[in-house]
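As recorded in TrEMBL:
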type    : residues                       : note
DOMAIN  : 151-373                        : domain 'Peptidase M24'
BINDING : His217, His308                 : substrate binding site
BINDING : Asp238, His301, Glu334, Glu366 : divalent metal cation 2 binding site
BINDING : Asp238, Glu366                 : divalent metal cation 1 binding site
Amino acid sequence: MSSNEESKVVLCQSSSCPNGNPPSRLECPTCNKYAVDAIQSLITPTDNQLDLGFKGRSSVVKHALRPDKTHKIIHDLIKSGSQLSTLPEGVYNPFPNYQFTGALHPWYPLSAKRQLPEHIPRPDYSISGKPMSEIKQAGQPPRILPPDEQEKMRTVCRLAREVLDIAASHVRPGITTDELDEIVHNACIERNAYPSPLNYRGFPKSVCTSVNEVICHGIPDKRPLREGDIVNIGYHGDLNETYPVGKIDDDSAKLIRVTEECLNAAIALCKPGALFRDLGKVIEPIAKAAGCSVVRTYTGHGINDLFHCSPNIPHYSKNKAIGTMKAGMVFTIEPMINLGPSWSDVHWPDNWTATTADGKRSAQFEDTLLITETGVEILTAGSRHAKPTEP
């Protein structure tokens, strides 16, 4: 046995072990999921750990940590965002009583709302948070953009790709998602652009950062990215991609690969006359064959001078989406794929962060597409795209 393996040995934790508590040969899958390494130290915390890690917690919770209690209590504590290892000074979990589905929880306080120079044009929601232009256009059929508006979309999507690639180049263990938000915000300012997520329906940041089990709409905060994480960075252009943070496990690598494959297969179908409902027919079989599932709550959408508009584009099969693709339409395809069979999602109390219901990881890729007379143009094409897809 190597020295590294010896350092990971954990004794049998049963208080009634008939064999004298020998080294454990099995691992708790739930503890592995939550990245709990030092089980023994969690079972028998010091008084100082109790005081620091559970300040404000009830006496019932502290009593539950007695060594004679089963170690499943730890699962409940971690799900609620309670950790025996203390958060950095000044950082706290704003929802201490919420039962998180996985190990991730928010690190507050959030940084102050970032400001923009006066010369940058603002959307109608920049102050009120209400996208009134979208609300007024709700229910209208998809627009066919004239050539001059198509060219504007090319410019906007090129800038959005530049911003996303800049953010992606900074993904590494140790950087916080709030720092990624600042990078995106400043990159927008350098391009005289407004970061569209900022205050859209009240969203507090300039970009969405969705880590591990977060499906979408994660709010950047003070949590540093860790080796083995995956993080999705989403920015209005409209595009997003999922990135590994350092070395990741095989399941996470498979998830990223399959999600990108789902998007590429859907893009390959796009051309004048194609049905929007048919996109899910190619996406879901790819996901299922890999032991994954397709999120149903969130869809692709139209985009032009409005952030979100018709058409509505589900990513799962047997959907009831209406409409056919026509030259001049611009829309997104953005499949969200979960590890395992569950496509269900739940929301944190911040009313934004959507996570998998079972705590397993999720990934997403998104592109903005223009239907041409002969096929489709990927307006947000980057290094992972070889060329625009044609029939």
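Each Cβ is built from the backbone N, Cα and C atoms, and glycine gets one as well.
Projection of TrEMBL feature records onto the structure.
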residue: His217; record: substrate binding site; Cβ neighbours (10 Å): 21
residue: Asp238; record: divalent metal cation 2 binding site; Cβ neighbours (10 Å): 25
residue: His301; record: divalent metal cation 2 binding site; Cβ neighbours (10 Å): 19
residue: His308; record: substrate binding site; Cβ neighbours (10 Å): 19
residue: Glu334; record: divalent metal cation 2 binding site; Cβ neighbours (10 Å): 25
residue: Glu366; record: divalent metal cation 2 binding site; Cβ neighbours (10 Å): 23
- prompt: How many whole Å apart are the CA atoms of His301 (divalent metal cation 2 binding site) and His308 (substrate binding site)?
  reply: 6
Task: May I have the list of same-chain residues other than Asp238, His301, Glu334, Glu366 whose Cβ is within 8 Å of the Cβ centroid of the recorded divalent metal cation 2 site, in sequence order?
output: Leu239, Asn240, Gly300, Ile303, Phe331, Thr332, Ile333, Asp367, Thr368
Message: If I take every residue in the domain 'Peptidase M24' (151-373) and average their pLDDT values, what number comes out?
response: 97
Field: Minimum Cα separation from His308 (substrate binding site), reported as the residue among binding-site residues Asp238, Glu334, Glu366 that achieves it
entry: Asp238
